[in-house]
Ligand code: AMP
């Protein structure tokens, strides 16, 4: 089955065409700056990628370009849109309605719209992607895969905030988490690498990229996660501050004369690695600066690793132990220095990094020392494949139901 995976952002449209049974990406690309004069379209895999300046007034126009490149480009992977069997959409916020991926119908669309209050930019963008697909491919089944659904298993003691209860009742303010598709994928793959059933394992999963989140997964069930009502909570990130004393918000608004949207901007776009180092949100640049003697860059490195370390401790306590710590995303997969700093000093907890294995490159691999009670594993994340797989399973099931 060929599944078109769509990840629509407020001004972007990312896509992959995946042949599920072959585990193969047969086309991919992204339309960026959708709706602005300098929009462009990147299409192609690795060295075959081409970048084309293109006019796209909205997501509908971007989708038309994407579909055209799938059937008409020089290396077109398919001859007609009939070769697309299903479409999987990444949706950021599924609220309390969705604890798993679902076939998209009018009711699902209505709920995604209703939930836009909790993720305004993301859910509205996803709806634009869904509507564009409905217009261009009206008869192809579509599935919604939610970033939050993996965390619907959290118990109330983990998802509630100690605020007046009425705000939960009135506004559904609670922890929803994010990056759930990534945490689900890497926990499932970790069980395969460890050659043990997921249901027998206590895992701490760490998605460390520009956005960062960690989860405690107890016997296959997510019991806690670091992102909250929004993806701003938890770990220090590329440009997001993560958890800070909430009293800092009114303090800054008062002393810097900031509006709510300006203070939001500070916490989402000007903080984290960028805010502390003053160099970049990109860890590679921060690393180069720190190695060149930039003290603020070194401080940013120290703070980032310390923030991961604290969640490791917290989640060991939450689960009463851990069998494996799983790392993924740009930093988790690639930055040996950050991994060294995260795991330094954790020997008393039975967590020992193997320095040599940590230096090696590769795909899915274990990097803990032979005498480490807790395994440390790297799993490159693959959210698109997970979305394609969910779509495949749900569409197959619905076809079987229809046949019955
Ligand atoms: P992601 O959001 O998963 O794309 O991750 C982006 C982050 O990963 C950025 O901060 C990059 O600097 C970081 N990153 C990617 N490759 C490397 C690398 N080889 N060494 C250090 N950091 C890296």
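Note: Cβ is positioned from N, Cα and C throughout, glycine not excepted.
Taken straight from TrEMBL:
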type     : residues                                                            : note
BINDING  : 14, 207, 208, 209, 210, 211, 282, 283, 284, 330, 331, 332, 333, 334 : ATP binding site
ACT_SITE : 147                                                                 : active site, proton donor/acceptor
SITE     : 179                                                                 : site 'Transition state stabilizer'
SITE     : 240                                                                 : site 'Transition state stabilizer'
TRANSMEM : 312-332                                                             : transmembrane segment
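Features per TrEMBL, on structure.
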| residue | record | Cβ within 10 Å |
| --- | --- | --- |
| 14 | ATP binding site | 19 |
| 147 | active site, proton donor/acceptor | 25 |
| 179 | site 'Transition state stabilizer' | 29 |
| 208 | ATP binding site | 26 |
| 210 | ATP binding site | 17 |
| 240 | site 'Transition state stabilizer' | 26 |
| 282 | ATP binding site | 15 |
| 284 | ATP binding site | 12 |
| 331 | ATP binding site | 26 |
| 333 | ATP binding site | 20 |
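Taken residue by residue with DSSP, residue 14 (ATP binding site) is part of a strand. Per Cα geometry, 240 is the residue among the recorded positions 147, 179, 240 nearest to residue 282 (ATP binding site). Of the recorded residues, residue 210 (ATP binding site) and residue 147 (active site, proton donor/acceptor) place their C-alpha atoms 16 Å from one another. Distance from the CA of residue 179 (site 'Transition state stabilizer') to the CA of residue 208 (ATP binding site) is 10 Å. The 6 Å Cβ screen around ligand 1 retains 331 from the binding-site residues 208, 331, 333, ordered by sequence position. The DSSP secondary structure for residue 331 (ATP binding site) is helix.
In this entry, 14, 207, 208, 209, 210, 211, 282, 283, 284, 330, 331, 332, 333, 334 make up the residues listed for ATP, with the farthest two CA atoms of the set 24 Å from each other.
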